[in-house]
Amino acid sequence: MMHTVFRPALATLVLLASGAASAAPTCAATYATRDDWANGFVVDIVVTNTGSGTVSGWNVTWDYGSPVSLASAPWGARVAVAGGRITASDDGGRPTIEPGASVGFGLPLAYAGARPVPGRITVGGVNCTIQAPSPNLYSDPQSAAARWVRDNAGDGRAAEIGPRIASQPAAKWFGGWSGDIGNAVGSYVGAAAAAGRVPVLVAYNIPARDCGQHSVGGAGSAAAYQDWIRAFANAIGPREAVVVLEPDALPQLDCLEAAGKATRLQLFRHAVAQFNERAPRTALYIDIGNSDWLEPAEAASRLLQAGVANAEGFALNVSNYRTDAESNPYGIAVSNALQQQAGLGKPFVVDTSRNGAGPDGREWCDPAGRKIGVPPRVNAVGSQPAMTLWVKAPGEADGCAAAAGTFLPEMAYKMIHGY
């Protein structure tokens with residue numbers, strides 16, 4: 001069975017005391033920096049309410065040992081800078097934090113002299129010790145968003161799309177379009193390893209994919225898929241990686257006849273075995289849809305039939321819009337159902353790339369008014385979710401606004417601001 005070997009302790013438990021609807025709940029706070037330049041860097045902060053009461057109002061404060069200034073506009077919070085002190089509070093977009101939900105914000109900071117180091121962080125008026133690790137997930141400099149930013153530096157939108165989307169670590173999808181899958185996966189994982197980062201990959205080539213909808217396709221036969229997934233796993237080899245396995249394929253079992261269902265489940269088990277044998281340092285997460293699709297007991301049953309006992313865990317909300325307040329409790333319920341049905345609980349990961357404003361009813365194909373969610377991060381060991389990931393890169397079409405996977409800068413820009 002695969003084991004997660006790269007998860008640092010990025011979060012510290014603190015008290016969040018500002019305006020709670022009940023007794024002051026606990027929260028997890030993370031601080032991370034990225035995109036260093038000569039005299040500046042970007043800070044990402046995420047605060048998660050891990051208590052049972054809703055927090056109505058929040059603020060986050062920390063101090064550096066020397067003066068800093070905003071290099072450009074912050075996002076996700078109202079930010080005030082006084083010397084070396086940073087104070088962030090709700091900007092009107094997220095006044096409450098429900099149990100299990102998170103708020104994330106970021107700010108580009110400039111400094112003079114030595115690079116400043118944060119001291120204590122205060123969340124809701126209570127001090128806690130923080131850690132300031134470098135994010136260890138891989139941000140692809142050749143992603144569609146990154147290429148657009150480089151090629152359109154004079155476009156006014158690039159200043160926000162760059163730090164808020166293009167430089168965030170998003171997953172790379174692999175399918176029939178990838179050509180020689182061994183070469184494609186091997187070169188991508190190799191680039192991540194050379195950068196000292198862990199890549200997130202999506203295997204998306206199951207036969208009869210997407211029930212004939214916008215992402216129809218997949219391998220031509222079960223045998224072809226077995227060869228493909230074997231080469232995929234073999235190309236990762238002993239290096240570290242995160243793989244999300246076949247989004248929507250388990251929830252969409254119902255569009256198959258009995259023989260097709262049995263074949264698909266066998267292919268999942270084959271894939272799990274290949275990663276265990278050929279890529280033992282890969283954290284494999286089997287996709288099981290979103291919180292509005294299957295009941296937890298049914299989700300657990302399908303995961304067990306697909307071989308989740310020998311995988312790292314399961315993935316939720318891929319390419320969807322369900323909020324953290326919906327996805328996280330659902331993931332815990334599925335994990336509990338796995339415990340009840342088979343005596344094993346499993347960690348899960350959540351795609352937060354487009355869930356900042358929740359869904360637009362049941363519209364899933366490029367709906368307007370959606371918003372990016374909390375940034376990708378690896379949570380402390382034992383946390384649920386184990387990771388928040390950007391599996392579907394913000395700004396990439398679902399197939400309605402443009403061909404599936406096409407990067408649309410206007411869509412990306414609107415998702416930053418939620419309109």
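Heads up, the Cβ atoms here are built off N, Cα and C, so glycines get one too.
TrEMBL labels come from automatic prediction, so no person has curated them.
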Write down the one residue from Trp62, Trp75, Trp173 that TrEMBL lists together with Trp293, Asn320, Trp364, Lys392, Glu396 as binding substrate. Trp173
If you pair up every Cα among Trp173, Trp293, Asn320, Trp364, Lys392, Glu396, the residues annotated as binding substrate, what's the maximum separation in angstrom, rounded to an integer? 23
For Glu396 (substrate binding site) and Asp248 (active site, proton donor), determine the Cα separation and express it in whole Å. 18
Rounded Cα distance, in Å, between Trp173 (substrate binding site) and Asp398 (active site, proton acceptor) is 13
Restricting to the chain of Trp293 (substrate binding site) and a gap of 6 or more, list residues whose Cβ falls under 8 Å of its Cβ, or answer none. Pro251, Ala299
